[in-house]
Every structure is written in C-alpha cells, then in structure tokens.
Amino acid sequence: MEFEVKKTFGKARLGVMKLHHGAVETPVFMPVGTNASVKLLTPRDLEEAGAEIILSNTFHLMLKPGVEIIKLHRGLHNFMGWKRPILTDSGGFQVFSLPKIRIDDEGVVFRSPIDGSKVFLNPEISMEVQIALGSDICMVFDHCPVPDADYEEVKEATERTYRWALRSKKAFKTENQALFGIVQGGIYPDLRRESALQLTSIGFDGYAIGGLSIGEERSLTLEMTEVTVEFLPEDKPRYFMGGGSPELILELVDRGVDMFDSVFPTRIARHGTALTWNGKLNLKASYNKRSLEPVDERCGCYTCKNFTRSYIHHLFDRGEVLGQILLTIHNINFMISLMKEVRRSIESGTFKELKSKVVEVYSSGGVNV
C-alpha cells in the first residue's frame, strides 16, 4: 500500500491511497456492507454513486456464510461482485458489544448471535479470516471498551489492544493487503496518547481512531480525536471508525482525519430521512404529499433525476420497499458527492467555507425534519 498527501489546508489533507484493487482518494467515506452487502444496494448502484471503497465485517462473515464459502469464491470481492477496494473490520467492536463468556489476553469467548453457540476469536484467528477474505485493508483485533467503562477498565483495554496489535502484526503474513492499527483510550487523553505511541512504535500501514462516537458528548469526540492525531505519523492515513454524519465528518477532516465509515446514511434512509445540501429531509412528513420537487435539486443521482418527493412520500406511506431503496441510493450518492466537494475545497482553499455551511445546516437539525 502507498499513501501520498497531495495538498493540505490547515490540518485537512487531500491524499490518495494506492491499494491492491485500485486507488482511493481521501478524505473518503466508506459505505458499510456488513454482510457483504450494502443494504438495499447492488454493486452497480455503488459504482454509479462513485464509491471507491466499501467496508465489510470479519465478525459477521466468519459466522455466516463462513470463511470456507468465501474461499470457494476465491475471496470476498468475487463473492459479492465488487471489483474496487474493501476494508474489513476485525470484529473487535462487534465482539465487545455482545455478552462475553470469557475475555483474557488469549482472546474472547462469546455466544454467536445467530445460534447461541460458543465462538472463540483472537488476533491470530481475525488475521487468518481477513487474509482469506482478501480485503485490501485489514484491521488489527482490538479491545474496544464499553461506553460506560471507568478509567481502570479503559486502561486495561488499552494495554490489551497493544498486546493484541503486536500479535496481529506477527500473524499478518501477506503481500497484497494492508494492516491498520487501532488506537483506543476512551475519553482519557493520557490513555489516547499512550495507545497512539504504542501503536506507532509497532508500525502499521495506517491508523484508526477507535472507541469514539459511541455516546459521548460531541466535544469529547473532537477533543479525543485531536489528542490522538497529534501522535500519529503525517505519512499514514488516519481512519475514524464509525463517524458518518456530514457535520461530524467535516469537523474531523478539519482535524486531520482521512477516512470514515458509518451505517448512518443507509439506516436513516430506510426510516424515510434524506441527506441534502440544506440538511436532513423527512420524506414521511405530510408536507411532501404534493411536492413535485426532487429530494435535492443539487443532486444528480437516479432518485433525484427521476422521482418527486411526493412519490417517495407515497411509497413510505404505503410501506413499499422501493421508497427505502430510492432514499438509500440518494443518501449514498450524497455522501460520495459531499466527499468530492471536501476534496475540491481542500484543493482550492475553500474548505473553511464548505465546513461552515455543512456544520450550520446539520447542527441546526436541517430543514423539514
């Protein structure tokens, strides 16, 4: 993997990652395809939206369909019909959001959410699975503390994350895949600093900021990001895990972050909310019943070129799944377009103006919510 920072504006960075399945311009938003599928979208929909990289999840794919099925297809790309880069999460976040039977330095034993059977996962198994999946970017297996963990619990998770990162790198024997470390530390600046220094001492192809945007105050999210970025190398990509709202992404880009993922755009689409250049729009609301406007007049996606707000309102009113599909198409197109505008604004020196506008319309709740 190669990464080049081509231009900066303050701390915001315009860059490019060269991965096994193609180049990815940064800052970038990665649509989430947890089960080898971005909900309600085909790979062609994603290609038409301009998605350069998507995320899938090791934990879920390990359970169903299982690694052997994906091996039959010679990797995840063939399995899901996606030719561009893929990033796979290690499964750490999902494991630690489930009831655990046992956790120690060796690994984690938990019950499968599918059938209740006991499952064991550790750094070596996570690396083995991700190598078999053939993703372009793999993540180390980390210990993500629960949101209400106290200082000592977060400290223990941070120390374990370091030990597991060492084991992850040792087990990562492959040439065409990149491996990112994950910085933990909760909402404690000293632990964030310690984790960042530990991970960079090992040396990875990129670094993720984990364990944030899980319920803490927005000011803490931004503060901990600043603390973490300060100790990350300039020549490696920085990935904020789970950040997906437009205003948060702009705030994080302004603090030197390059990569983002979230189910936020697709999840709210399924509940009738569109992302627009004027903020969020609730298509279920009755005032859309007679509206002949597109979802967003600035958008050129399939949905906005062909359908009115009135029609999409009707689809949600009658419980037709097409409404969810059309809004999902739109929201992913909006996020990809937003990141293109972010990159253009860094190039042209107008990033502050773009950030100000996006933060204003989304922090105020947007229009017609």
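Cβ from N, Cα, C; glycine included.
The region 'RNA binding' annotation in Swiss-Prot falls on one of the ranges 242-248, 347-353, namely 242-248. Site annotation (Swiss-Prot): substrate is bound by D89, S90, G91, G92, F93, D142, G211, and the candidate from Q184, Q198 recorded at this site is Q184. Looking at 11-15, 21-25, 146-150, 266-270, the range tied to region 'RNA binding' in Swiss-Prot is 266-270.
Of the listed candidates (H271, H314, H330), Swiss-Prot assigns H330 to the same Zn(2+) site as C299, C301, C304.
Mean predicted confidence for the region 'RNA binding' (242-248): the pLDDT average there is 95. Binding residues for substrate (D89, S90, G91, G92, F93, D142, Q184, G211) extend across at most 15 Å, taking the greatest CA-CA distance. Counting same-chain residues at least six beyond the ends of the region 'RNA binding' (242-248), those with a Cβ under 8 angstroms from any Cβ of the stretch are 29, 93, 212-214, 218, 221, 257, 260-265, 275, 335, 338, 358-359, 362-363. Each of the binding-site residues G91, G92, G211 was scored by the number of other CB atoms within 10 Å of its CB, and the largest score is that of G211.
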